[in-house]
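Participant: Take this structure, written in C-alpha cells, and hold onto it; I'll ask about it next.
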Amino acid sequence: MGPLLLVLLYPLSCVSGLPFYNGFYYSNNPSSWNSHGEGIFNGVKLVVETPEETLFSHPGANVTLPCRYHYEPAPLSPRPVRIKWWKLSENGAPELDVLVAIGLRRRTFGDYRGRVRLREDGEREASLQIQDVRLEDSGRYRCEVIDGLEDESGLVELELRGVVFPYQHPRGRYQLNFHEAQRACEEQDAVVASFEQLFRAWEEGLDWCNAGWLQDASVQYPVMRARQPCGGLGLAPGVRSYGPRHHRRHRYDAFCFAPALRGQVYYLELPEKLTLAEAKEACREDGACIAKVGQLFAAWKFRGLDRCDAGWLADGSARYPVVHPRPNCGPLEPGVRSFGFPDPQSRGYGVYCYRRR
C-alpha cells in the first residue's frame with residue numbers, strides 16, 4: 001500500500017493545476033521520502049521573525065517593515081522560498097496583496113506598485129520597504145515565507161502618527177451615513193479612524209458622548225468620565241459600542257484621523273474680522289490656503305498651536321486651538337474649541353491658513 005501510494009503521488013507533484021501546488025518542486029526521487037511518507041526537508045524548522053512593537057511613520061516618509069527568516073538547524077545548502085506580503089483587512093473587505101517574490105522575480109499590486117520592494121542587503125532577508133507612505137498604508141501586514149509544503153508568517157503593524165477628532169455635518173448631530181462619513185473625513189485632510197486609533201485616543205484622554213463611525217463600519221464613542229447623558233453613571237469609563245451599523249440607512253457623526261503635518265497652520269493677523277469668502281481670499285493672498293479641520297487638530301496636537309482667537313476653516317466652521325487652558329479661553333482643559341458653523345456672511349471671525357512646505 002505504501003509503495004503504491006508513493007507511485008500515485010509522484011506524477012501529481014508536477015501538475016500545477018492541483019489546489020496544493022505552490023510553484024516549488026522538491027526532491028522527486030522517492031528515495032528522499034522516509035518510511036512515513038515525509039520529505040527529508042521536514043526535519044528542518046522554518047522560523048519567521050517580525051517585531052512585536054508597532055512601527056510609527058508619517059505621510060510622505062519611507063519605512064521598512066522588518067521580516068527575516070532562518071532554519072533550525074541550518075540546512076547544508078540554500079533552499080528556494082517564496083515570499084509574500086499582504087495587508088490585512090480592517091473592515092471585512094478582502095485582504096490586499098502587496099508583493100510576491102520568487103527567486104529574482106518580483107510582483108507588486110494595486111496602489112503599492114512602484115512604491116514597495118524587498119530589502120536585499122542580507123541573507124534570508126524578507127523585509128518590505130514602502131516609499132512615500134500614505135494615510136491608507138496604516139494597518140497590519142503579514143510577511144509569509146513558503147518553503148515547499150512548509151510556510152510560516154509574522155505580523156507587522158504600521159501606524160501613522162496622527163490625531164483622532166470627532167466630526168459633525170454642518171446640519172448638526174447624526175447626519176452622516178458611513179459613506180458620507182468617509183467623504184467628510186477625506187475633505188478635512190483625514191480618514192475615518194480605526195478602532196485602535198480611537199482606543200489610543202481614549203487612553204490619551206479623548207472624551208466624547210456623540211457616537212461616530214469607525215473604519216470597520218461600527219459606531220462607537222469614548223468616555224473618560226461616566227455621566228448620565230453618556231451611557232449612564234453605572235458604566236465604567238471606556239469605548240462604548242453600538243456595534244456594526246447599516247452603511248446607508250443609519251446616520252451618526254464620524255471619528256476622523258488626521259496625520260502629523262508636513263506644512264504649517266497659522267492664524268492670519270488682520271486688522272478686522274472676515275466673512276468666510278473673505279477668509280479664503282485672505283489666505284490665498286498670503287500664499288496659503290484656508291486650513292482644514294484635520295490640519296488644525298494636527299497643528300494643535302503636534303506643533304503646539306495655541307490661540308484664543310476663533311477663525312474660519314475650509315468647511316465653514318469656526319474653531320480655535322488651546323494647548324494651555326486659561327481664563328477667557330474656554331473650558332479649563334486642552335482641546336480644539338468649536339463655534340459650530342456660523343452664517344458664512346458674518347464678520348465675527350479671523351482665519352486659520354495652511355501653507356505647504
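Glycine residues also receive a Cβ, built from the backbone N, Cα and C atoms like all the rest.
The disulfide bond annotation in TrEMBL covers CYS209-CYS230, CYS308-CYS329. Sequence annotations record features per position, and here TrEMBL assigns domain 'Ig-like' to 45-161. Look at TrEMBL and you will find 163-258, 263-355 tagged as domain 'Link'. Here TrEMBL flags 1-17 as signal peptide.
What's the neighbourhood like for each of these?
Facilitator: CYS209 (disulfide bond): 13 other CB atoms within 10 A of its CB, across all protein chains.
Listed in sequence order, the residues of the same chain lying 6 or more apart from CYS308 (disulfide bond) and placing their CB within less than 8 Å of its CB are TYR320, VAL322, ARG326, ASN328, CYS329, GLY330.
In the predicted model, the domain 'Ig-like' (45-161) has a mean pLDDT of 90.
Helix, strand and coil counts from DSSP across the domain 'Link' (263-355) read 20 helix, 25 strand, 48 coil.
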Participant: Of the residues in the domain 'Ig-like' (45-161), how many are helix, strand and coil by DSSP?
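Facilitator: Grouping H, G, I as helix and E, B as strand yields 6 helix, 60 strand, 51 coil.
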Participant: Within 10 angstroms of the C-beta of CYS329 (disulfide bond), what count of other C-beta atoms is obtained when all protein chains are considered?
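Facilitator: Around CYS329 (disulfide bond), other Cβ atoms within 10 Å: 15.
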Participant: Measure the Cβ-based neighbour count of CYS230 (disulfide bond), defined as the other Cβ atoms within 10 Å of its Cβ.
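Facilitator: Total other Cβ atoms inside 10 Å, all chains included: 19.
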